[in-house]
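Enquirer: Annotation source Swiss-Prot lists S-adenosyl-L-methionine binding site at Arg82, Gly110, Ser114, Glu133, Thr164, Asn184, citing experimental evidence. Positions annotated as compositional bias 'Basic and acidic residues' by Swiss-Prot: 402-413. Swiss-Prot lists 458-467 with the feature compositional bias 'Acidic residues'. Annotation comment: Swiss-Prot describes 480-496 as compositional bias 'Polar residues'. Marked as phosphoserine by Swiss-Prot: Ser329. The phosphothreonine annotation in Swiss-Prot covers Thr463. Residues annotated as region 'RNA-binding' in Swiss-Prot, with experimental evidence given as evidence: 17-20, 199-211, 250-254, 277-283. Taken from Swiss-Prot, the feature region 'K-loop' covers 163-167, and the record attributes it to experimental evidence. Annotated region 'VCR 1' per Swiss-Prot: 289-400, in sequence order. Annotation source Swiss-Prot lists region 'Disordered' at 402-498. Residues annotated as region 'VCR 2' in Swiss-Prot, with experimental evidence given as evidence: 514-562.
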Amino acid sequence: MALSKSMHARNRYKDKPPDFAYLASKYPDFKQHVQINLNGRVSLNFKDPEAVRALTCTLLREDFGLSIDIPLERLIPTVPLRLNYIHWVEDLIGHQDSDKSTLRRGIDIGTGASCIYPLLGATLNGWYFLATEVDDMCFNYAKKNVEQNNLSDLIKVVKVPQKTLLMDALKEESEIIYDFCMCNPPFFANQLEAKGVNSRNPRRPPPSSVNTGGITEIMAEGGELEFVKRIIHDSLQLKKRLRWYSCMLGKKCSLAPLKEELRIQGVPKVTYTEFCQGRTMRWALAWSFYDDVTVPSPPSKRRKLEKPRKPITFVVLASVMKELSLKASPLRSETAEGIVVVTTWIEKILTDLKVQHKRVPCGKEEVSLFLTAIENSWIHLRRKKRERVRQLREVPRAPEDVIQALEEKKPTPKESGNSQELARGPQERTPCGPALREGEAAAVEGPCPSQESLSQEENPEPTEDERSEEKGGVEVLESCQGSSNGAQDQEASEQFGSPVAERGKRLPGVAGQYLFKCLINVKKEVDDALVEMHWVEGQNRDLMNQLCTYIRNQIFRLVAVN
């Protein structure tokens, strides 16, 4: 799945990927590597190292005015990924908000043959770089690339011994404070890991591009995890010699143990990010010992890419609208028909539920309502009804055998007070049980049910419709299917507690203290009316499902009741 839409916001390739056809028409060296299919679509074989090298060199020349040479035996960098890293470093050091005339100093650990990070940083931002390299071939190519782009005054390439990271590289420049360091460490610990034999999930497809890196570029003792730990240990000695330390990671599983290492070492400022481009994802970790640095927020938890959510809908047939129009006469002075009468009844239901709503502008033959639900009142109504029935069931009654015995004989004055109480006539007892003393209030308001009605309410469990309103799971047409928020809802539940479990309580800590906001559209569809409910924002989409089901059931019950 392409990840280009998740690139850094300032990455020039985020919304405008390279135009291979245009580049091929302008650069003959690139043209020889492109392929054109029968539909005229231009493509590139990313498994061909020469094609990948041609693309990198062409993009640097076209978009940045840089001319470089890269040997096929060494790592060929992809431009969008490296540009993502440069932009993140800009965020770390506050480049966008700072005085552009201030000279920024950075270190590139293992700059590679292309020397791409210093070239991009110097060209885009005028940064000064100390670029280190252990490999002879990479060192020679890096120096050549710097010189042929006339950037020797901003980029210093130095050859360092094997396993040299920061400590030895900074011995000669003990007075300079650097703003940052960058590093693209060797990802793998051995050949098997580099080939994905013991590290790659077998379910993943094979890599779509070729790996051309040399031994020192792709492999190190202990892999990237141990390599970055060595940088961390160097930083513990250098501390404020650099404002920010950073490293790119090729494996997500390396991120957590490195963050834990920084925590154990007591590093005060830590952040991380994701680099997304094409079909490749990388991670980066940064830390600082300065108190005055601004720490960029890490990326929020990414959700699976989803199709746009369909609204929850149900249809009100023309025959139903006609019945609703007849019943709506007490509600309106003028006659209401069609979608107007459906909207009128929806507004009445919402008013009864105390759901805030107002009409908003919309298209022709359409009525729109904007809803703000403060509490889950549609569930409360059902709960109150069942609670009332339970209270009626629990009113004490005399046992049947006692009543029968009392009917057969009148009590004598010598009988116990309790028997006398039971023997009182109907005029001396309340209709619902024992007589009330003066000043006592009835426990249940309203008329008491008959024996028949009580037996009918013996099991006051929710009906199927009531369950559907509480559960929010009735499939109101097919568009309701799969409409729950999935991981988003689960996350919200973990943060605020489950809104459904709370049964309509206002959840603390929520701006405005509302459950959700949504938009109801009532549209004319031939002779019928289509009711759509669109999610806007809130705590849990299932609550909107419940309300939609409740409204639908109430409208249909209006017609069913004669």
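Numbering starts at 1 and runs along the chain as displayed.
Every residue gets a Cβ built from N, Cα and C, even glycine.
Keep in mind the model is a prediction, meaning the values are calculated, not measured.
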Enquirer: Count the other Cβ atoms sitting within 10 Å of the Cβ of Ser114 (S-adenosyl-L-methionine binding site), across every protein chain shown.
Expert: 28
Enquirer: Using DSSP with the three-state reduction, classify Asn184 (S-adenosyl-L-methionine binding site) as helix, strand or coil.
Expert: coil
Enquirer: Which value does the mean pLDDT take for the region 'RNA-binding' (250-254) in this predicted structure?
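Expert: PLDDT averaged over the stretch: 87.
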Enquirer: Using a 10 Å cut-off, grab the number of neighbouring Cβ atoms around the Cβ of Arg82 (S-adenosyl-L-methionine binding site), all chains included.
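Expert: Counting Cβ neighbours of Arg82 (S-adenosyl-L-methionine binding site) within 10 Å gives 23.
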Enquirer: According to DSSP, does Arg82 (S-adenosyl-L-methionine binding site) fall in a helix, a strand, or coil?
Expert: helix
Enquirer: Can you count the other CB atoms that lie within 10 A of the CB of Asn184 (S-adenosyl-L-methionine binding site)?
Expert: 25
Enquirer: Pull the DSSP breakdown for the region 'K-loop' (163-167) and write it out as helix, strand, coil residue counts.
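Expert: Secondary-structure breakdown of the region 'K-loop' (163-167): 0 helix, 0 strand, 5 coil.
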Enquirer: Tell me the residue counts in helix, strand and coil for the region 'RNA-binding' (277-283), as DSSP assigns them.
Expert: 0 helix, 5 strand, 2 coil
Enquirer: Return the residues near Glu133 (S-adenosyl-L-methionine binding site) by Cβ distance under 8 Å, restricted to its own chain and a separation of at least 6 in sequence.
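Expert: When sequence neighbours closer than 6 are ignored, Glu133 (S-adenosyl-L-methionine binding site) has Gly110, Thr111, Gly112, Phe139, Ala142, Val157, Val158, Lys159, Val160 within Cβ distance under 8 Å.
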Enquirer: Given that the record lists Arg82, Gly110, Ser114, Glu133, Thr164, Asn184 as binding S-adenosyl-L-methionine, what is the largest C-alpha to C-alpha distance among them, in Å?
Expert: 23
